[in-house]
Amino acid sequence: MTGAAALLLLSGPLVAAPASADSNSDTAPPSRYIVTFADRAAASSITREQTYLDAGSPVGAAVTELHLTGSGGTVVEVDPDLTVEETAAVVSALAADPDVERVEPDVLLYPSAVTPNDPLYPRQWNLQGAGGGADAAPAWPSSTGKGQVVAVVDTGITAHTDLQAQVLPGYDLISDPAVAGDGNGRDADPRDEGDWYPNGSCGRTVGSASTWHGTHVSGVVAASANNGTGISGVAPGAQILPVRTLGTCGGYMSDISDGIIWAAGGQLPGVPLNRTPARVINLSLGGVSTCSAAMQQAVNFAAERGAVVVAAAGNDSISADRSQPANCDNVIVVGATDRNGSRAPYSNFGPLVDLMAPGGNTMGDSSGGILSTINNGKSVPADEGYAYYQGTSMAAPHVAGAAALLLSADPGLTSQQVESTLLQTARELPGSCAPHCGPQLLNISAAVAAVASPFADVPKSMQFYDDMRWMAEAGISTGWNETNGTSTYRPLESVKRDAMAAFMYRLAGSPAFTPPQKSPFADVSTGNQFYKEISWLAAEEISTGWLESNGTKTYRPLQPVNRDAMAAFMYRYADSPAYTVPVKSPFADITKTNQFYKEISWLASTGISTGWAGGNGTSTYRPLSSVKRDAMAAFMHRFDTRFN
């Protein structure tokens, strides 16, 4: 067929299913609880504080109120360093208080386990981190592609258990009934009717069975994960928009370009508007020709709408600049690698290729291909199944799925930012690249890590998100490693004095320091987790601790850092600069007689702390409030920005 686009794949046989995986759980006692008072309106702050004091005093622990919930509860924090028995005693005391209706743990919930339970997942080398894999699994705790639509402009789609939850209503845009195979032209049913052809057809001597190409590509992008069935897609939380433009003998460029426009939300004559425009459009198709004006206009329209357009480089082992739509502007051109990370022998190459991704190589071993969803019908749809295919058609949807993961992690990204992130985080090809391919191998986990929150409990909408992200990137805080592979920051927990020492030591660049054999503080043993950092803090005279009645000094490492002490730490860390205190206090609740008046005033003068704005035009500092970990990140980031 003249002017038709070809499918960029080769196929392999079906496989059987291996075993599944499971996950672990954490048995440590929680440090946060939701306290519901019998009469919330009558429970004044003084009453609540007395309740907390009565519960924590017997074990010498503080119970700190964090915030109210929409259901009328109050979230409190109990010292996380208490033993199980001590924590239980505090909780029991809270529950026994006559003003309290109930106490329940404020447990952390997490995404599903990193390794999905899909039985064929172990055979998806393309999603693993070893060899030529794209390393997708570590990205899933941060992003699954949820909320993103990926248009698959292809042969349509067939019913499949591993896809049914992901598929949106698409459209059949094949204008020629002979190509469509369904007896009519364009219609609202994007079902793949089969692209088989007999001997002597489509310019071929030997005929071909139906490929179910669109179904296979869709599975690579977004097959369901953790459903106990089949495989997992790159972005298992994304939705697939099937746009049927390829049929018997391929597809006309005019239909394909219309498919791109419709997928991006554009209006076509006589076709209903697409109500779910795609942010990502996958083009696993191509032909040897220059980029036509119609194709370039369609791609430009999608790009102007903010869509990421991904195109297969082609399977002719020639320069990609000879293949359309790979040679159009505003597309991410994807070449194919085998399981060892070498350029697949069929893949087009050259400087036009932006990125390499797993496309597979089934020569001699079908398991070297890309395993995904298909239909078992030889001509028309029959039962669902799975098969190994190879081709740049399989490589492109890896990148399309990765783009969906990035946009899900940060919906504010532009298409240019998505592309630059994918390229900047790619890794060196572990295999050979003859004769030339230039670009690097897609690294999905690194790409998502570059845009996603470093902490599972710190969404981008959180007030001090940029500061907490900086804490992670600067190596000042690593947070807590949870059992499901994520890291948490616990932003609303109070900063303990031992952690404060560690933060400041790392902010200083972790300088060479040999801790003394004898501790400077009676309550900090040389075996303490942060002994080096606390000793350094004392040696730098940033903290002098408390002088006890018996003549010893204590540091009180597990005590929360109050905001007044934090100001003193910061001032001393800055080498106690010359500073003349103001005649008038910058804060309404800080008098000139305050122990740390100079330090707090200095902190305000630097802009490190602005306090809380009051309704009467004044600001308050709340000196005796404990510093929360989110605010501490902001203080340290501002300090670093000002004083470098």
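Backbone N, Cα and C define each Cβ position, glycine as well.
If you check TrEMBL, you get these features:
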- Asp154: active site, charge relay system (ACT_SITE)
- His213: active site, charge relay system (ACT_SITE)
- Ser393: active site, charge relay system (ACT_SITE)
- 184-194: compositional bias 'Basic and acidic residues' (COMPBIAS)
- 451-518: domain 'SLH' (DOMAIN)
- 521-582: domain 'SLH' (DOMAIN)
- 583-644: domain 'SLH' (DOMAIN)
- 178-202: region 'Disordered' (REGION)
- 1-16: signal peptide (SIGNAL)
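Sequence features annotated in TrEMBL and their locations in the structure.
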residue	record	DSSP (3 states)
Asp154	active site, charge relay system	strand
His213	active site, charge relay system	helix
Ser393	active site, charge relay system	helix
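Separating the Cα atoms of His213 (active site, charge relay system) and Asp154 (active site, charge relay system) is a whole-number distance of 7 Å. Counting every protein chain shown, the number of other Cβ atoms lying within 10 Å of the Cβ of His213 (active site, charge relay system) is 27.
Taking the Cβ of Asp154 (active site, charge relay system) as centre and 10 Å as the limit, one finds 32 other Cβ atoms among all the protein chains shown. The Cβ of Ser393 (active site, charge relay system) has 32 neighbouring Cβ atoms from other residues within 10 Å, across all protein chains displayed. Put simply, Ser393 (active site, charge relay system) is 10 Å from Asp154 (active site, charge relay system) when counted between their Cα atoms. Summarised as a single figure, the pLDDT of the domain 'SLH' (451-518) averages 90.
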